[in-house]
Amino acid sequence: MDKKVTVIGGGNVGATAAQRLCEKELADVVLIDIMEGMPQGKALDLTEAAPIEKHDASVTGANSYEMSADSDVVIITAGIPRKPGMSRDDLLSTNMGIMRQVTEQVAKYSPNAKIIVVSNPLDAMCHVAYEASGFPKERVMGMAGVLDSARFRAFIAMELNVSVENTHAFVLGGHGDTMVPLPRYSTVAGIPITELMPQDRIEALCKRTATGGAEIVSLLKTGSAYYAPASAAVEMAEAILKDKKKILPCAAMLSGQYGINDLFIGVPVKLGAAGIEEIVEIKLTEDEDKALKHSAAAVQELVDTMKKL
Ligand code: LMR
């Protein structure tokens with residue numbers, strides 16, 4: 001392949017992302033984890049599946065970063081997942097240290113990469129990656145809006161018994177309990193869902209979306225979701241690798257857009273070869289704007305906490 005993607009963290013999200021990347025032939029993949037033998041074993045297993053899956057992408061496992069050199073995109077999934085009863089924010093101090101160490105290596109070996117952060121608490125971890133990499137803000141982004149919007153779309157399709165392919169949804173804000181699903185901008189075949197279902201059902205779907213991660217955590221009991229998070233990260237990587245100019249909700253560093261400054265938060269962006277090529281400002285109602293500001297305040301609190309750790 002003429003593109004290279006490194007996935008840091010060989011756990012469920014990382015390994016599933018590696019699988020999707022190679023099976024879609026988006027890039028050669030390097031899977032890195034500190035656990036000896038684990039990324040090598042998973043990479044070999046994926047390589048041995050290639051003849052059946054019919055792809056020619058190479059997958060390499062490693063415990064250090066040399067093999068990752070000159071990656072086009074780096075997906076960071078490293079860190080611990082939450083367990084039932086925990087919030088994503090409970091992971092802050094542990095994952096902050098891991099994120100810093102990992103990003104320093106990424107920046108050293110792949111100074112031109114675009115970084116997609118997946119580790120939680122997502123928006124706060126984007127701040128760590130941004131500072132530790134020293135990269136311009138266009139090249140550091142977080143995966144969350146794509147995941148939250150996919151969950152919203154799945155619930156809309158289930159509710160209305162329509163194809164998921166007919167659905168579109170936008171979820172903005174931080175990747176936490178305060179996230180902001182936007183029913184007005186969520187559609188089925190172009191029709192806003194506000195015209196297709198009663199308000200109480202819309203509210204129920206929004207609530208299920210906002211607690212979607214916790215719902216999976218409470219079912220799995222030993223970890224968090226990985227199929228949908230991996231799909232979401234790979235959709236972002238694909239948009240960058242193929243220079244698709246695709247509008248997706250992602251965590252981006254804002255400088256004044258939506259009245260928010262110096263903060264990573266989920267907003268619609270245009271993703272292409274340069275990373276975040278544009279931050280799309282959509283018109284929000286007073287209530288939607290209030291909800292976004294409330295979500296931004298929750299992220300800001302985590303960023304302030306990190307400064308004291
Ligand atoms: C998710 O939304 O599935 C992830 O952020 C993992 C989690 O802890 O919920």
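Including glycine, each Cβ sits where the backbone N, Cα and C put it.
Because TrEMBL annotations are produced automatically, they should be read as predictions rather than curated entries.
Arg88 is the only one of Arg88, Arg139 that TrEMBL places in the substrate site (with Arg82, Asn120, Arg151). According to TrEMBL, Gly9, Gly10, Gly11, Asn12, Val13, Gly14, Asn95, Val118, Ser119, Asn120 bind NAD(+); the candidate from Asp2, Asp28, Asp33, Asp89 that the record adds to this site is Asp33. Considering only the recorded positions Arg82, Arg88, Arg151, His175, the Cβ with the fewest other Cβ atoms within 10 Å is that of Arg82. In terms of DSSP helix, strand and coil, the domain 'Lactate/malate dehydrogenase N-terminal' (4-142) has 68 helix, 25 strand, 46 coil. In this structure, none of the binding-site residues Gly11, Asp33, Val118, Arg151 sits close to ligand 1 with a C-beta under 6 angstroms from any of its atoms. Only Arg82, Arg88, His175, of the recorded positions Arg82, Arg88, Arg151, His175, have a C-alpha within 10 angstroms of the C-alpha of Asn120 (NAD(+) binding site).
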